[in-house]
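Written out below as structure tokens is the structure these notes cover.
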Ligand SMILES: Nc1ncnc2c1ncn2[C@@H]1O[C@H](COP(=O)(O)OP(=O)(O)O)[C@@H](O)[C@H]1O
Ligand SMILES: [Mg+2]
């Protein structure tokens with residue numbers, strides 16, 4: 001089978017399997033498992049959005065959770081039902097009181113406004129490289145947090161933001177995940193994706209072949225921010241209530257761990273990282289509650305799961321420093337380096 | 001292309017002083033000088049990696065001082081780097097594709113939708129890259145990761161990549177450094193082939209005389225940032241200042 005045909009088949013299988021899970025799982029599985037699948041899919045969107053700049057373009061952002069938070073609050077403000085807005089957010093500007101958007105448009109607006117925010121933030125920051133851009137984007141995250149806490153007319157400040165309709169169902173998240181994977185795969189495996197990787201490898205050589213370094217980084221950053229904003233909106237409509245600290249360092253660390261563990265230069269790696277970390281922490285969490293095998297009882301050891309998880313991260317980094325997938329994509333049948341799209345095979349067609 | 005009165009100083013150290021040169025179409029011209037004489041500085045100024053303190057650089061009558069590197073490359077000036085600056089994690093073919101796509105741009109919407117225009121431009125990019133890999137004898141290595149190539153192949157890959165941007169002017173910074181005499185001969189022949197086939201003007205920078213003497217129609221000699229003389233290989237070889245300032249060191 002040619003490479004093209006195999007990939008087409010794989011995509012079809014993935015889409016069908018995704019649809020079956022999205023619509024079938026809620027009928028078959030308990031709420032607990034449906035919730036786990038939903039969170040995996042939601043985190044996959046967030047980690048994929050992060051991989052665009054951090055993995056493929058070499059701009060290691062620590063600020064994407066700021067975009068997720070912005071998306072969550074924007075979408076939340078837009079979609080709280082009009083009757084409740086007066087009670088919950090009495091000081092909102094008048095025009096925001098007058099309407100409330102359904103889930104999909106609210107999510108799209110959140111994505112677009114977040115992307116615009118990324119243009120403003122990225123224009124100065126994308127000139128920086130290495131540690132400098134990491135620290136600067138973390139500065140952005142801190143600013144977002146402080147703004148969310150202080151703009152209490154819009155956000156209720158440090159108090160819980162609540163009243164967001166619970167509309168994030170598994171089919172919604174799987175649908176958005178499919179769109180995210182589709183768009184990112186086409187971008188990453190295209191001339192634009194090559195430019196991103198060139199900028200990551202060597203900014204000077206990249207400009208010497210006519211690539212606009214700032215422009216390339218900014219586009220990757222802004223597209224990542226769009227999907228972060230979308231993911232934030234899904235998060236908001238999943239939780240219903242949240243506060244500024246929901247979107248802060250804890251979430252940042254968890255997303256970055258998933259990305260680094262999965263492999264930074266690979267889309268499937270990002271998803272693999274999310275699945276591994278999520279499943280492991282669920283399993284470990286149920287184990288630490290204590291269990292019995294036959295007559296042998298293991299007592300509860302609360303906190304042990306965190307320690308084991310930490311150990312596993314350390315082991316992966318020692319034995320697979322480029323993450324589980326590195327820069328290979330999972331294509332079943334042949335795991336290929338994304339860097340070395342097989343030339344000879346492509347030419348045979 | 002020409003430079004007039006080009007001067008560049010780094011905190012008091014004058015790396016290039018009052019440099020002028022006028023390039024003729026389709027010529028192969030050498031710039032030689034001992035280490036630290038300002039050769040790479042000249043390339044950095046021409047390609048917009050650094051800005052001159054004074055002087056002008058003109059391409060077809062237009063000043064290019066102050067333009068961004070990517071704009072200068074788009075105008076038809078390409079370069080290689082002293083040492084090697086490949087995209088280490090990309091394959092050999094992708095290194096060349098990354099440069100070849102400059103002349104066959106695709107927009108964001110095209111990239112996501114992949115209509116006919118996208119496929120045509122991607123095919124044209126690939127064709128150009130294949131052609132150059134073939135010319136440089138790198139076809140068999142196309143799928144290898146660039147960082148894993150032997151040194152000699154890396155140097156040729158860097159030239160292939162520069163050429164893929166479709167330049168009228170090709171600047172080669174010490175292309176023979178680290179090559180043995182046989183590889184150097186092959187390289188000289190390749191550079192001539194490139195000039196003949198693509199009609200480019202080539203500037204070769206070297207601190208080693210052999211390649212330059214064999215290859216170039218005209219040579220400019222620099223020492224401590226200043227132009228000592230310009231002329232044919234014979235004229236330069238006989239020039240007393242060159243013997244004193246340069247051959248003495250070599
Ligand atoms: N970025 C820089 N900062 C400070 N000094 C520099 C810089 N680049 C080059 N120089 C100095 O300028 C002089 C010329 O350097 P260069 O153009 O690299 O010489 P060449 O390529 O002829 O060996 C050297 O003395 C070098 O140390
Ligand atoms: Mg030099």
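Glycine residues also receive a Cβ, built from the backbone N, Cα and C atoms like all the rest.
Among the features that TrEMBL reports, transmembrane segment is placed at A:32-52 (among others).
TrEMBL lists A:59-82 (among others) with the feature transmembrane segment.
Within the chain, the transmembrane segment (A:102-123) has long-range Cβ neighbours (under 8 A, six or more residues past its boundaries) at 63, 67, 70-72, 74-75, 78-79, 137, 140, 165, 167-168, 172, 176, 217-218, 221-230, 232-234, 237. Annotation comment: TrEMBL describes A:102-123 (among others) as transmembrane segment.
Below 8 angstroms of C-beta separation, residues 59-66, 69-70, 73, 121, 155, 157-158, 244-245, 247-249, 252 of the same chain, each at least six residues beyond the ends of the transmembrane segment (A:130-149), sit close to that stretch. According to TrEMBL, the transmembrane segment annotation covers A:130-149 (among others).
The transmembrane segment feature in TrEMBL is assigned to A:169-189 (among others).
Proximity of distant same-chain residues to the transmembrane segment (A:218-238), defined by a Cβ-Cβ separation under 8 Å and at least 6 residues beyond the stretch ends, is recorded for 38, 42, 45-46, 48-53, 56-57, 59, 61, 64-65, 67-76, 79, 103, 106-108, 110-115, 117-119, 122-123, 126, 164-168, 172-173, 176, 180, 183-184, 187, 192, 196, 246-247. The transmembrane segment annotation in TrEMBL covers A:218-238 (among others).
According to TrEMBL, the feature transmembrane segment maps to A:258-284 (among others).
Residues 257, 260-261, 277, 280-281, 284-285, 287-290 of the same chain, all 6+ positions outside the transmembrane segment (A:296-319), place their C-beta atoms under 8 angstroms from a C-beta of that stretch. Positions annotated as transmembrane segment by TrEMBL: A:296-319 (among others).
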